[in-house]
Amino acid sequence: MKDSIVLYSALGRGHLVSMVELGKLILSHHPSLSITILFLTPPPNQDTPTSPTAFTCDATAKYIAAVTAATPSITFHRIPQISIPTVLPPMALTFELCRATGHHLRRILTSISQTSNLKAIVLDFMNYSAARVTNTLQIPTYFYYTSGASTLAVLFQQIIIHQNNTKSIKDLNMHLLIPGLPKIHTDDMPEQVQDRENEGYEVFIDIATCMRDSDGVIVNTFEAMEGRVMEAFNEGLMEGPTPPLFCIGPVISSAPCRVDDDGCLSWLDSQPSHSVVFLSFGSMGRFSRTQLREIAIGLEKSEQRFLWVVRSEFEEGDSVEPPSLDELLPEGFLERTKGKGMVLRDWAPQAAILSHDSVGGFVTHCGWNSVLEAVCEGVPMVAWPLYAEQKLNKVILVEEMKVGLAVKQNKDGLVSSTELGDRVRELMDSDRGKEIRQKIFKMKMSANEAMAKGGSSIMALNRLVEVWREH
């Protein structure tokens, strides 16, 4: 029987794509393995096109068909859809769906074990509750952590903080000292772990504990990018036990989308090399009209060329139809900046834009996939974190890696036009900006080396597969 590995994706298209890319990477170096990807779909009453967990059947079926045709050694297995009567927020739905389908997971894994040598299962870290099933079945259990090693170190440290304190993190008002990392203020910890009374707090303690107690964690980073913290892990300097780590990144989409329906790539073709700053904040990065206007004024003040993806919050009084750009932005802004800037609604081919020679800077929400895309293309960043672990990523990018600048927010979370304009100008047109550009160019070279034959990430992948075959 063939040796097989199961990858279990969390709910949502982005999570599925991450697992597919991991599967493709494994097979490109170890084609004798068979890979099965398990995926979840939302309950019928909670699959809306605008939901962050949206998983429309047609789009998913087309994506899976394309992957299967290109990579026959990857097979897909959908966890049967179940009903959850209570409408839950996206993150809570993700956790609950995995927990509530444990009996289906047990049946599927038992079936796979009867037709192949099931060597290991890799869980998306959001599917942490599946470890209870896999441990009962005595299947070696690994986690795929799609962020970096630095935030993983902070996640493990959260267990120690929980054990040693009765206060919530938000009340500590202190800097955390974690081996291999710069000082991290408690204000920069993820919102979900700030407050012990937050319903997500215990979940993240459980996630950290399950990952720490697993057979290993696969991390989407590379040694040269997070060298100090990886050295701390490898030398056993972390407080408390840690599992084996395998840094196999950067794993990002292997084929940048070249769709140019809005003409942005053609527009970039007409701009000077490294002259355009790109602003995009992820699928959940929506701003109030007040903030959008501050961004617009700041870009105009900066006098830099720009390509900006605008996503607006739904505000009371808005009609079903989204407001036009003219309604959202300052009067005359589009006309005044049409020679220097381009504004898009809701979406842009980010990977293709970042790889374009005209792009010289990236204002980002610091989502890890976006960070990796920027690093792989050597594009320096302005860090504007919005949610999840993004404040931690900002600290690492700015204080540790020194490949970006951070914007300052006021007490209401607003970034002023002056602040944004100054940071954009500093990144694009200053000596400090040049230093940052040189640093991230070196990091780009290191990323290429890590994924080349004999590189650190490929060697880590080979070690991982050796361990799997020994199970």
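In case you wondered, yes, glycine gets a Cβ from its N, Cα and C as well.
Going by Swiss-Prot, these are the annotated features:
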ACT_SITE  HIS15  active site, proton acceptor
ACT_SITE  ASP124  active site, charge relay
BINDING   HIS15, ALA388  anthocyanidin binding site
BINDING   THR146, ALA348, GLN350, HIS365, TRP368, ASN369, SER370, GLU373, GLU389, GLN390  UDP-alpha-D-glucose binding site
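Its Cβ taken as reference, HIS15 (active site, proton acceptor) is surrounded by 23 other Cβ atoms within 10 Å in the chains shown. DSSP classifies SER370 (UDP-alpha-D-glucose binding site) as helix under the three-state reduction.
Candidate recorded positions: HIS15, ASP124, ALA388. Nearest to GLN350 (UDP-alpha-D-glucose binding site) by Cα distance: HIS15. In the three-state DSSP scheme, HIS15 (active site, proton acceptor) is classed as helix. When Cβ neighbours within 10 Å are tallied across all protein chains shown, the highest count among the binding-site residues THR146, TRP368, ALA388 belongs to THR146. Listed in sequence order, TYR8, SER9, ALA10, HIS15, SER18, MET19, PHE143, TYR144, THR146 are the same-chain residues at least 6 apart in sequence whose CB falls under 8 Å from the CB of ASP124 (active site, charge relay).
In sequence order, SER280, GLY282, GLN350, PHE362, THR364 make up the list of same-chain residues 6 or more apart from SER370 (UDP-alpha-D-glucose binding site) whose Cβ falls under 8 Å from its Cβ. In this structure the alpha carbons, written CA, of ALA388 (anthocyanidin binding site) and TRP368 (UDP-alpha-D-glucose binding site) are 11 Å apart. ASP124 (active site, charge relay) falls within a strand segment according to DSSP. Over all protein chains present, the Cβ of GLN350 (UDP-alpha-D-glucose binding site) has 21 other Cβ atoms lying within 10 Å. With a cut-off of 8 Å between CB atoms and residues at least 6 apart in sequence, the same chain places SER147, THR151, VAL154, PRO190, TRP368 near GLU389 (UDP-alpha-D-glucose binding site), listed in sequence order.
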